[in-house]
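A.B. asks: Structure below; questions to follow.
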Amino acid sequence: MSAAGDLRRRARLSRLVSFSASHRLHSPSLSDEENLRVFGKCNNPNGHGHNYKVVVTVHGEIDPVTGMVMNLTDLKEYMEEAIMKPLDHKNLDLDVPYFADAVSTTENVAVYIWESLQKLLPVGALYKVKVFETDNNIVVYKGE
């Protein structure tokens, strides 16, 4: 009998990455005047940039053999593929096809990351994606 007995314990595991990207908040559904009113300086035609931070949290049972919910090396590789390769040092609006049809708000960046990770992670493992556009502007997305 293990130290935990027959009880299968669950845990959440989080990993943080940082990436730099530029974008412009602009909706083709709005006039130029409405875009300026809604998005303010973030509607600058030349765009602007951020040093984003992303915390990805997975959850599951702690494996009784490895003692892990997920191998951190695997999580790092999933995040490299879903976040760093497509987003780091990119213009989100021009370089990431997803944002051809979606305004590149932090909310939509979080959804994009969630959807990208869902394709790579084991089913049911992804718990939440937390995107820091700045230290003060943060979006949490749980696939809802």
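Using N, Cα and C of the backbone, Cβ positions are placed for all residues, glycine too.
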A.B. asks: For the Zn(2+) site that Swiss-Prot describes with H48, H50, which of these is also annotated: H23, H89?
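C.D. replies: Looking at H23, H89, the one Swiss-Prot places in the Zn(2+) site next to H48, H50 is H23.
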A.B. asks: Out of the recorded positions listed (H23, H48, H50, H89, E133), which are within 10 Å of C42 (active site, proton acceptor), Cα to Cα?
C.D. replies: H23, H48
